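Novice: This is the structure, below, for whatever I ask next.
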Amino acid sequence: MAARCSIAFMVMASCLSVVVSGGLPGDLFAHSVASKLRVDRDTTARASSDFGRIVAAAPEAVLHPATPAEIAELVRFSASSPSPFPVAPRGQGHSARGQSLAPGGVVVDMRALAARRGRVNVSAGGAGAAPYVDAGGEQLWADVLRATLEHGLAPRVWTDYLRITVAGTLSNAGIGGQAFRHGPQIANVLELDVITGRGDMVTCSRDKEPDLFFAVLGGLGQFGIITRARIGLEPAPKRVRWVRLAYSDVVTFTRDQELLISKRASEAGFDYVEGQVQLNRTLTEGPKSTPFFSRFDIDRLAGLASESVSGVIYFIEGAMYYNESTTASVDQKLTSVLEQLSFDKGFVFTKDVSYVQFLDRVREEERILRSIGMWDVPHPWLNLFVPQSRILDFDTGVLKGVFVGANPVGVILMYPMNRNMWDDRMTAVSGNDDMFYVVGLLRSAVVPGDVERLERENEAVLAFCDNEGIGCKQYLPHYASQDGWRSHFGAKWSRVTELKVKYDPYGILSPGQRIFSSLTPMALVAM
């Protein structure tokens, strides 16, 4: 069974590994979509790598569709061909391990669909109907925000970075600081338009074609291409009280985070909860000011870190939403929440910003990094879901073990989520405990040798988790064997393979995930 499902994985070579591609069927270029295909070197080169800049794999062509129907035509052609070829949708290419690549196949430039008007439509609700937005899968979340705010509405859950596409995040899960209350973005989807691996165009929801609906949400692009998502909305606030609290003790930090996302506290507390970790010398040797912290703040935090035995400090990042009518009460509400917490005395930092400024906060950091040439660099990121019961072991073994002496460039996230806000009918994998931590090791390689060093550290992190039985799950996963994928999906694996047979029997879609090789239906059935 394992031999039949073996996968040709990309081999690391320096910063990039290169996958040799084959050819496309000649009659494709006589097909009706041929005029939308580009095969020139510049176009295929742009679709040959992603945000991670770790893996490179050249497609044979790039499709610039004017309509979703043209994508369906391409997929149907591949599925009916004697030699099916890979098809991978690409939005912003924000994957880190080549997940949006299509070696030897066709990359679909989903952003080309954005040229058409009317791809974001807001229904304000009323008369008992709840508000929602219909957004094309190619739309950036920043554009969805802009469109919904015109109606005084907004989605409930946001990723930290908004210059990524709707379909891209929904194919993974879409997590952020609001997810403890509302679940991931996929839990807030009402309906989808999907193109399956057979080339069928299907509208699905919890009640209509539910197998496809739950498969595609968090399905890593394995069962269909999302071309439209209907997403629930809520009234949008005008302002945000943005707070960061510093901790020198991890036990206190995690206890307070878990209190903040508990049902009792969250109903009257922060609307957003995340956390970050600062290691060792990053405060003293990093930037002297940030979009949030002033130079004076950073000097104080560096002093706190120097007094800590481990040199590690932790931040709870919280946000309270409010409007003009609740301005007078937000300070009282914040004071009430802070009285329940045990952050290091005097280390509370607040800012008052607009709702848009808060949601789009990473944009300012992006501008700074671009200006100094540190945005378009390799990003050997590793994102994990760590069981709440083992987060202190992870802290000791990784943050104060594997990373001892490290001076990472980038961000380390660490914050809890409630598992009961995830729908197990979806193929997306969450943490094992009732509460689990998101740990994002979002580090950048900025000098020669960094990629290899950071990859070794990532491998050491995974080895520690495996050897100690931590029970971590990868988010935005990447595995080097099908045994890894089998373990990742756990009890869902058999269902995942059944859904693959049903919706993409030739293994056409999103080959960059490297879950399945290109398979015939009979080979899949025999797994």
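Each residue, glycine too, has its Cβ placed from N, Cα and C.
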Novice: According to Swiss-Prot, GLY91, GLY93, SER95, GLN99, ASP160, THR165, SER171, ILE175, ILE226, SER510, GLN513 bind FAD; so which of TYR272, TYR314, TYR437, TYR475 is the extra one listed there?
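Specialist: Within the candidate list, Swiss-Prot flags TYR475.
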Novice: Take the C-alpha atoms of SER171 (FAD binding site) and HIS94 (pros-8alpha-FAD histidine) and report the distance between them in angstrom, rounded.
Specialist: 12
Novice: Which residues, sitting 6 or more apart from ASP160 (FAD binding site) on the same chain, put a CB under 8 Å from its CB?
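Specialist: Looking at Cβ-Cβ distances below 8 Å from ASP160 (FAD binding site), excluding near sequence neighbours, one finds GLY176, GLY177, GLU274, ARG361, VAL362.
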